[in-house]
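Residues annotated as domain 'DUF112' in TrEMBL: A:20-439. Per TrEMBL, the feature transmembrane segment maps to A:20-39, A:45-71, A:111-137, A:149-165, A:172-193, A:205-225, A:259-283, A:322-343, A:355-385, A:391-407, A:414-444, A:464-488.
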Amino acid sequence: MDTMSLLMQGFAVALTPESIMFAVIGAILGTLIGALPGLGPANGVAILIPLAFSLGLSPTSSLILLTSVYAGAMYGGRISSILLNIPGDEPAMMTCLDGYPMALKGKAAEALAISAIASFIGSFIATIGLVILAPILAKFALRFGPSEYFALFALAFATLGGITGKNQFKTLMAAAIGLMIATVGIDISTGVQRFTFNTLELFEGVDFIIAIVGLFAISELLFFLERHAGDGLKQVAINKLKLSAKDIIKVLPASFRGAVLGFVAGVLPGAGASLGSFISYTLEKRVSDKGEFGKGDPRGVAAPEAGNNGAASGALVPMLTLGVPGSGTTAVLLAMLISLNISPGPMLFQQNADLVWGVIAAMFVGNLVLLLLNIPMVGIFVKLLSIPPKYLMPIVTLIASVGIYSVSHSALDLYFMIGFGVLGYIFRKIDIPLVPIILGMLLGPEMEKSLRHALVLSDGDWTVLFNSGLSIGLWTVAILGLILPMIVGPIVRAKMSKSKEAVKDV
Amino acid sequence: MLKTISLKSVLISGAVALTMAGQAYAFEPARSGECIAPANPGGGWDFTCRSVGKVLVDEGYFKGNVQTVNMTGAGGGVAFAHTVSKRDKDENLIVAASTATTTRLAQGQFPGMNADQVRWVGTLGADYGIIAVGKDSKYTSLKQVLDALKKDPSAVKFAGGSASGGWDHLKVLMTAQKAHVENLPKVRYLAYSGGSEALVQVVGGHVDAFTGDISEVKGFMDSGDLRVLAVLSEERLPAPYDSIPTAMEQGIDSVAPNWRGFYVPGNASKDSYDWWVKTMNELYTTQEWKDIMTKNGLMPFHKSGEEFTQFVKNQTLDIKILSQDIGLIK
């Protein structure tokens with residue numbers, strides 16, 4: 001009941017004209033970003049963070065804008081999957097399997113509509129899941145002491161590689177790079193400056209927003225430059241929409257199953273949306289009657305779309321309640337929250353209840369907006385797909401630069417941003433994942449602080465790290481999270497690469 | 001312009017201003033002023049700049065506006081260096097400062113810079129320090145806490161929102177020192193990245209005591225989760241904080257105001273410095289400023305000109321000696 005009244009208060013925030021405006025803008029930008037191949041949700045949010053800063057938005061508005069972008073990107077990813085057979089982002093990969101064949105059969109409009117409905121169901125169910133699960137997790141708030149926090153961060157790092165991670169060693173390297181960058185600046189536990197070389201600008205460390213925008217957005221620009229992609233992409237033409245109620249009912253079970261599976265995959269740290277859409281698709285293939293999976297079965301479009309949108313909302317659960325992001329995009333959102341002086345984690349629901357519930361309510365609103373946008377107006381997004389990147393990328397760069405400069409008015413930050421951009425480009429070339437770098441930067445200092453505090457409180461006794469049921473539980477999950485992917489990972493990856501090949505074969 | 005100011009000051013600050021009313025000031029401010037907030041929007045310095053800037057314009061001291069510029073970095077060090085090296089003669093610039101500024105100056109955390117390189121204008125209020133425990137704590141008075149520390153300096157562990165050696169840490173040490181606790185370096189302090197994070201740990205029973213400012217504790221005080229043992233002010237604070245005893249009442253001579261104020265560039269003309277001091281004195285007495293103070297939990301604390309400069313010197317020296325005593329600096 002308590003949750004309901006809080007949620008109602010949240011709607012009071014979410015239904016103000018300002019909030020609705022940001023939800024709509026976020027939904028449109030997000031869909032566009034998702035639809036453009038290569039520009040995934042993490043990049044999209046990274047590009048728009050500086051925009052939120054330079055407009056001087058309140059924390060609530062910023063978060064509504066960016067969660068709408070996030071949800072929109074998950075919707076948008078399917079457009080290019082279906083029309084171009086190129087996933088707009090990684091989680092939309094599975095949608096290619098049946099979406100593109102449908103489009104080839106002249107049913108592109110139906111595929112787009114079905115996937116929009118499935119996306120809506122996925123997000124909607126997962127947001128309800130978030131409403132139910134988050135307050136329960138947040139109840140543990142006060143039980144988290146330094147040793148519990150340390151175990152929690154250990155868990156985050158242990159599950160970092162995740163099941164879909166390609167190369168554990170490179171993930172580890174990336175996390176270590178992030179940890180190294182994080183040590184620059186004042187060490188609050190001793191008050192000593194580390195690696196600052198008496199340069200005032202380094203005294204507060206490297207701002208992770210700058211790192212994120214550089215690593216994601218600027219490196220994206222460099223990739224575009226490299227490809228010399230001057231023209232838009234060629235796509236399958238869209239037919240007139242002929243979708244009966246029967247067609248929709250037929251994909252409903254698939255959508256619900258996908259939504260629930262996706263949500264669970266999203267909540268688990270380290271798993272994320274790609275896994276959500278993958279297991280939703282494979283399970284759907286198993287449980288359904290034979291059908292025509294791989295040749296344009298509508299359920300093969302609905303299940304992975306519900307799955308990846310469900311996972312996207314699910315990933316917000318650990319981010320909001322524990323301060324541990326469940327996916328790359330939520331890691332970027334986490335960084336923004338910290339920059340806005342809001343500490344996510346167990347206390348967020350008590351100290352910033354209006355913000356959290358406002359954002360959750362805004363997710364419902366945004367989701368509805370997205371459904372409305374994506375069925376009648378899908379043609380506009382399709383047109384936008386053909387905007388040549390030579391116009392798009394300068395805009396992205398402009399927004400990023402203005403935004404970063406407006407944060408601190410320091411030209412040095414711009415050099416840092418470009419430096420990180422080049423670094424991000426090199427890392428992507430040699431397949432070093434970027435998200436663990438960000439997580440290392442975000443969580444490293446917190447983890448160090450928790451360990452030191454735990455040891456100060458116990459007067460140097462290390463057993464304090466395992467002295468409560470909660471911390472033992474967290475350690476157990478951490479160990480499982482570290483070992484399981486080593487066993488299960490290769491099997492899942494083999495299956496995923498098989499389906500990837502199937503995408504190419506079509 | 002000059003005439004209107006003089007007239008206003010007569011009306012506003014009464015007798016004090018009356019003596020000044022006839023004086024002509026050789027300095028006349030430009031159309032627009034600038035206030036540097038050495039931190040991101042949303043923090044204390046940002047608030048100081050924006051609210052003072054607004055009152056300066058509302059009261060007609062500036063015809064244009066007073067622009068707040070956020071200059072983040074090194075806990076105010078970047079702004080300090082900028083003021084000293086690039087704006088040394090700018091007469092229309094003020095920079096927000098607080099105890100955090102003097103703490104860092106005292107500990108040499110702005111390399112090669114010291115408090116004499118700028119001129120200190122005045123303060124417009126303060127946030128007083130407090131020491132608190134969770135509701136289930138065995139301590140019910142500050143004296144009990146300090147007695148425990150006298151027996152064993154690591155008996156009570158403190159959590160606060162500043163880095164080690166920062167103002168929240170120093171408050172505990174200064175109080176302990178006044179109560180003749182020995183072996184101060186052994187007093188345990190856990191540094192968190194913000195007051196609220198530290199508070200949660202104390203309320204959750206993970207750390208014994210909280211050191212922070214009165215403005216940080218209202219929420220948990222109202223909910224009954226936090227017991228504030230003492231406020232480090234000379235007199236009791238106005239309602240709703242009037243039930244909190246001062247440390248002085250409990251026999252410990254410890255006062256720790258986290259003041260909010262300004263400095264101006266070191267080589268700006270004397271006339272402009274005098275104008276700023278006078279303006280801050282007048283501003284402090286306006287109803288608009290009083291309302292801002294009440295609304296934001298700022299407590300009365302006003303020093304300006306020569307008095308404030310001396311206060312900054314003393315505070316810097318005190319902090320330097322204390323930091324040396326506890327081995328934080330050499």
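For all residues, glycine too, the Cβ spot is worked out from N, Cα and C.
Only sequence-distant pairs (6 or more apart) were considered; of these, fewer than three Cβ pairs between the transmembrane segment (A:322-343) and the transmembrane segment (A:172-193) are under 8 A, so the stretches are not in contact.
Beyond the transmembrane segment (A:355-385), the same-chain residues lying 6 or more positions past its ends with a Cβ under 8 Å from any Cβ of the stretch are 6-7, 9-11, 13-15, 19-20, 22-24, 26-28, 31-32, 35-36, 59-60, 63-64, 67-68, 71-72, 75-76, 79-80, 83-84, 109, 112-113, 116-117, 119-120, 123-124, 127, 130-131, 134, 232-233, 235, 238, 313, 320, 342, 348-349. Comparing A:20-39, A:111-137, A:259-283, A:464-488 for CB pairs under 8 angstroms to the transmembrane segment (A:205-225), the maximum falls on A:20-39.
Outside the transmembrane segment (A:45-71), and at least 6 residues removed from its termini, the chain residues within Cβ reach (under 8 Å) are 13-14, 18-19, 22-27, 29-30, 33, 123, 209, 212-213, 215-217, 220, 309, 312-313, 316, 329, 332-333, 335-337, 339-342, 352, 354-355, 358-359, 362-363, 366-367, 369-370, 396, 399-404, 406-407. Here the transmembrane segment (A:414-444) has long-range neighbours at 42, 153, 156-157, 160, 165-167, 170-183, 206-208, 210-219, 221-223, 324-325, 328, 331-332, 334-335, 338, 400-401, 404-405, meaning same-chain residues at least 6 beyond its ends whose C-beta is under 8 angstroms from one of its own. If you look at the transmembrane segment (A:111-137), the same-chain residues 6 or more away from its ends with a CB under 8 A from one of its CBs are 2-3, 6-7, 71, 74-75, 78-79, 82, 95, 98-99, 102-103, 238, 241, 243, 247-248, 251-252, 254-256, 258-260, 262-263, 266-267, 296, 298, 301-303, 305-314, 316-318, 320-322, 346, 349, 356, 360, 363-364, 367-368, 370-371, 374-375, 378. Remote same-chain residues near the transmembrane segment (A:172-193) are listed as 157, 160-161, 202-206, 211, 427, 432-442, 444-445, 448-449, 452-453 (criterion: CB distance under 8 Å, separation of at least six residues from the stretch ends). For the domain 'DUF112' (A:20-439), the model's average pLDDT works out to 82.
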